[in-house]
Amino acid sequence: CGGFPVSIFFIVINEFCERFSYYGMRAVLVLYFTYFLHWSDNFATVIYHAFAALCYLTPILGAIIADSWLGKFKTIVYLSIVYTIGQTVLSVGSINDLSDHNRDGSPDNISLHIALSMIGLILIALGTGGIKPCVSAFGGDQFEDDQENLRNTFFSLFYLSINAGSLISTIVTPNIRATECGIHSKQRCYPLAFGIPAILMAIALIVFIIGSRMYKKVKPQGNVMLEVCNCIGFAIKNRFRHRSKEFPKREHWLDWASEKYDKRLIAQTKMVLKVLFLYIPLPMFWALFDQQGSRWTLQATAMNGDFVVQPDQMQIVNPILIVIMVPVVDSVIYPLIKKCKINFTPLKKMTVGMFLASMAFVAAALVQVQIDKTYPVFPAAGQTQIRLMNLGNVPATVQFQPQFQRVDVAPKTASHYMTFKTSELESLSVVAGVASGLQNKSQSLKDLLEGHRYTFAFKFPATGFNSNLTFDNVTKKPEEGNNLVRFINNYNAPINVSLDGKNYVVLPSLSVSNYTVIPGGDKRHIIESSSTFGLCRVLSKEFGFGGASTISVDDCTRGSLNITYFEDIAPNTVHMAWQIPQYFLLTCGEVVFSVTGLEFSYSQAPSNMKSVLQAGWLLTVAVGNIIVLIVAGASKLSKQWAEYVLFASLLLVVCVIFAIMATFYTYVDPNEIEAQFAEEEKEDKKDQDDNEKEAEADSKM
């Protein structure tokens, strides 16, 4: 087909479906931990990065299995089955109705859901990691030696399918997650958000198996990683045996393996170890980079997303910028630097990439500082907060006893939440001038609970003084950008109130309803009320994201409901677009770090050692995720911006260390070294043949 083996199209389709499955699942994973399993942000981050680390550790196992025992085809098939089962188990574990026997909308046995989720994630990690090193190599096996150009085109198509799968899935699955589904109660649709990736993985497996008869299947020929490890192990063991001074020193500690392994393998292993030594600082870059799916996604949940982007969709900024930045950097930035006669070596590029990633986290910290300003301050232990709400038409003055503070409250307004020591509160008195004269009313505060918020609503109608001290049962900002809304009856008779025709409630005069959760965004809601004044309605304002409001139902004018809004918790005001600068910096860092790092590694290693360096590269990603889970699990920092600054500082220090290491590195040409060994082997073979001929001639004489 156009010169290509037909089999490669099955491989490309398989890769697209598999990447859609993986990135689609991973995009919504941290929010699933936070909002469905109700884990804290720190614990959700720990498990997320533990899973990511496992996904990058298992490729080594997959490569060994494929090269030493099963071969690439069978390894891909068997581990894809494991992968599909894992995705299915995760999807089943996210079904709320699985254990919601009392149908109250919450799982009755959360342990069952956690167990299924963890089993599913472990199977997914084994599957996706195990096939990662096999699929691209298996595709390369389909070409003959004289089809180098076609092979290169295949790899371009292959990586295009990876980016297409990840980009489309990161757009699709968060939207599916944001919808509601369920049998008995409607919840965020995690079963479908995980179920579609499971279906795509099943399709990937079926498509791959359909092409079975067309594949060129190379038999296992042993794994070079095991050979390198055995060589290193033997050298260390042999050096330890000959540690006495009576044995002469050798030029390099790996030379102690010469008794068992040939010079070529030892020289190649030296070159590989030289590169792997430079890998030591690299995990810190990945520790920052992979937080796009955890900390940065959680950060987005506390922001204003009024351009209809889900918090877990902000990750698409990275692949979009990659598509833009790679050609710009290669065709514009690097040539300009070259024209300026700056020796911008690969290791210098990687150093710049680390610096840019560090700056990305500085930008994230600055955004977080602005987000923190929008968070409400709740009472600590031993404290109580009180807010005053004047629902009347005359101004009033409130005095807290014993002789705390005096607060003036204008008509139809509310004060901010004021903090007091619970043990010192006794009462408050309200003074207002009304038609009948100056009135003074008191309210006891001795029974208030510490660590809670209260709203004291009052008014002075013509008939006298009315008041209500209400417990505000909100202890944090609403999750997932939702809003909380409640109603207070400011009418002199009981009323019926509904929101969008639902949440029907009967409220006596000056009583308060429970909070109702409504989705965030720019949608307006229909508020209806009926009483002695008849049926009235009004269209609400836009509530934004992450706020809480109390709506006072005042009266009705010709069928139009008159209401007053009181802000209990301010909505999110920092826009999600402010995350774009940090994504831009991190993507620029990725372009000059990751792409350059792979090119550098491949240019500095022998051709038969590429898989060893690939394993080492993936290992740095795994270690980077382990660093995050350690910091997230052990950190005592109370502010998220401080953690961002910590990571930025750590990478900046590592950047300096790497720059120093890079100055001592000497670039080599593996092809020249291999050519020298080939020439030496050729001469040795020639000498051996000459000796054999001489021996044969001597025997004839």
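Heads up, the Cβ atoms here are built off N, Cα and C, so glycines get one too.
TrEMBL entries are annotated by machine, without manual review.
For reference, TrEMBL has these:
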| type | residues | note |
| --- | --- | --- |
| COMPBIAS | 683-701 | compositional bias 'Basic and acidic residues' |
| REGION | 678-701 | region 'Disordered' |
| TRANSMEM | 20-40 | transmembrane segment |
| TRANSMEM | 46-64 | transmembrane segment |
| TRANSMEM | 76-95 | transmembrane segment |
| TRANSMEM | 110-131 | transmembrane segment |
| TRANSMEM | 152-172 | transmembrane segment |
| TRANSMEM | 192-211 | transmembrane segment |
| TRANSMEM | 271-289 | transmembrane segment |
| TRANSMEM | 316-337 | transmembrane segment |
| TRANSMEM | 349-369 | transmembrane segment |
| TRANSMEM | 612-632 | transmembrane segment |
| TRANSMEM | 644-668 | transmembrane segment |
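Take the transmembrane segment (152-172) and the stretches 20-40, 76-95, 110-131: counting Cβ pairs under 8 Å, 20-40 has the most. Residues 47-48, 51-52, 83, 87, 90, 94, 96, 110, 113-114, 117, 124, 128, 165-166, 168-170, 172-174, 177, 187-188, 190, 193-194, 196-198, 200-201, 204, 293-294, 297-298, 301, 311-313, 315, 479-480 of the same chain lie 6 or more positions beyond the ends of the transmembrane segment (20-40) yet place their CB under 8 Å from a CB of it. Counting Cβ pairs under 8 Å to the transmembrane segment (612-632), the stretch among 46-64, 76-95, 192-211, 316-337, 349-369 with the most such contacts is 46-64. If you look at the transmembrane segment (76-95), the same-chain residues 6 or more away from its ends with a CB under 8 A from one of its CBs are 18, 21, 25, 32, 36, 62, 66, 70, 112-117, 119-128, 130-131, 134-135, 138, 190-191, 193-195, 197-198, 201-202, 204-205, 208-209.
Sequence-distant contacts of the transmembrane segment (349-369) (same chain, at least 6 residues past either end, Cβ-Cβ under 8 Å): 284-285, 288-289, 295-296, 299, 574, 578-579, 581-583, 585-586, 588-594, 596-597, 600, 639-642, 644-645, 647-649, 651-652, 654-655, 658-659, 662.
Outside the transmembrane segment (271-289), and at least 6 residues removed from its termini, the chain residues within Cβ reach (under 8 Å) are 228, 232, 254, 347, 353-354, 357-358, 360-361, 586, 589-590, 593, 597, 600-601, 604-606, 609, 612-613, 616-617, 619-621, 623-628, 631, 647-648, 650-651, 654, 657-658, 661-662, 665, 668, 670, 673. Remote same-chain partners of the transmembrane segment (46-64), defined as residues 6 or more beyond its termini with a Cβ less than 8 Å from a stretch Cβ, comprise 26, 29-30, 33, 39, 75, 79, 121-122, 124-126, 128-134, 223, 225-226, 290, 293-294, 611, 614-615, 618-619, 621-623, 625-626, 628-629, 632-633. Beyond the transmembrane segment (192-211), the same-chain residues lying 6 or more positions past its ends with a Cβ under 8 Å from any Cβ of the stretch are 6-7, 9-11, 13-18, 20-22, 24-25, 28, 32, 76-77, 80-81, 83-84, 87-88, 90-91, 94, 169, 172-174, 176-177, 179, 181.
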